[in-house]
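Heads up, the thing below is written out as structure tokens.
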């Protein structure tokens with residue numbers, strides 16, 4: 001039976017995880033609004049491309065694409081491999097090398113500065129996303145980069161709240177960061193879920209895949225999760241076979257891994273908690289965009305003017321049963337964690353760490369297909385795909401092919417008429 005302190009810890013963790021579910025809703029809604037503006041820009045671009053093709057009357061040959069094995073060893077790919085390797089090496093040094101070179105005080109100072117910067121950035125971005133009014137959006141292409149830059153600009157007569165202005169927002173975020181770090185240092189962790197929620201909103205707001213398919217992404221994530229479970233099972237099995245913890249003195253065990261103080265560890269678990277919701281959140285955001293695309297609301301948005309589209313602040317209501325099922329499944333997944341802990345007591349901090357993802361992800365991945373099947377949309381939902389930033393050359397080449405086909409058909413008809421004559 002749980003005592004009052006444990007019950008309070010469970011309630012605090014449960015409310016914090018519900019805050020993360022709310023962050024998923026906010027981030028999915030913001031991604032939908034951005035995609036609406038981007039798609040309207042591409043609609044305008046596609047019309048212009050078609051007109052240009054018919055005017056010039058010269059088909060454009062598609063560019064030759066290098067083989068996949070050559071792209072895997074290109075300068076850009078090698079730079080990405082090197083960057084990832086350096087980041088992983090730095091992480092390994094910080095986690096395992098730095099604790100052997102300095103004291104716990106300097107380790108806490110190092111982690112406080114690093115986490116403070118990340119938390120401040122998360123709040124800075126999240127506040128802007130949550131309270132941003134309607135804005136103009138234009139796309140600025142970057143050479144040799146499939147991800148163009150999205151540039152937002154304010155709309156006249158749509159002022160932002162005063163605390164969103166950079167001179168005010170930055171001090172507010174710094175004050176929030178100091179308050180959270182200070183409360184965690186003094187043993188109060190009730191505000192830590194705000195870190196996970198802000199980090200979730202920040203990650204999902206900047207996460208744009210150039211091209212994504214529901215089926216491929218769904219199966220890919222399922223394969224990754226199955227691999228993670230398999231690797232964890234192998235590690236646990238090997239650790240149980242070769243572990244010699246009983247031979248080590250208790251003092252040696254305690255001093256072996258002192259990478260930071262416990263309050264730093266509690267803050268780090270918030271990022272694990274955020275990752276647990278980020279994976280199903282990508283599927284839920286994609287589903288929300290699908291449900292908008294099949295609703296009557298999809299054809300009511302105005303086309304952009306002067307290369308600027310409008311990112312709306314509020315969208316009219318449209319049916320979203322599959323997305324709502326994903327949200328409810330997330331809450332049920334969180335609740336199942338607490339039912340499970342009534343049978344198997346969790347370790348310290350077990351309610352706040354990434355273990356919740358092992359319960360949330362299966363519930364979401366099973367609940368949403370069932371909702372799609374129940375509403376009769378499974379086939380269209382499962383085969384849904386989107387391309388946020390289609391290349392204008394592709395549209396031009398497609399129009400050119402259509403023109404060439406039309407000319408060839410006309411030539412065949414003329415030849416047949418000549419033969420009959």
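Note that Cβ sites are derived from N, Cα and C of the backbone, with glycine treated the same way.
As annotated by TrEMBL, transmembrane segment applies to 6-27, 78-98, 104-124, 187-207, 219-243, 263-288, 322-343, 355-374.
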Cβ-based contact of the transmembrane segment (104-124) with the transmembrane segment (219-243), 3 or more pairs under 8 Å:
no
Go through 187-207, 219-243, 322-343, 355-374 and flag the stretch with the largest number of C-beta pairs under 8 Å relative to the transmembrane segment (263-288).
187-207
Compare 187-207, 322-343, 355-374 by their Cβ pairs under 8 Å to the transmembrane segment (219-243) and return the stretch that comes out on top.
355-374
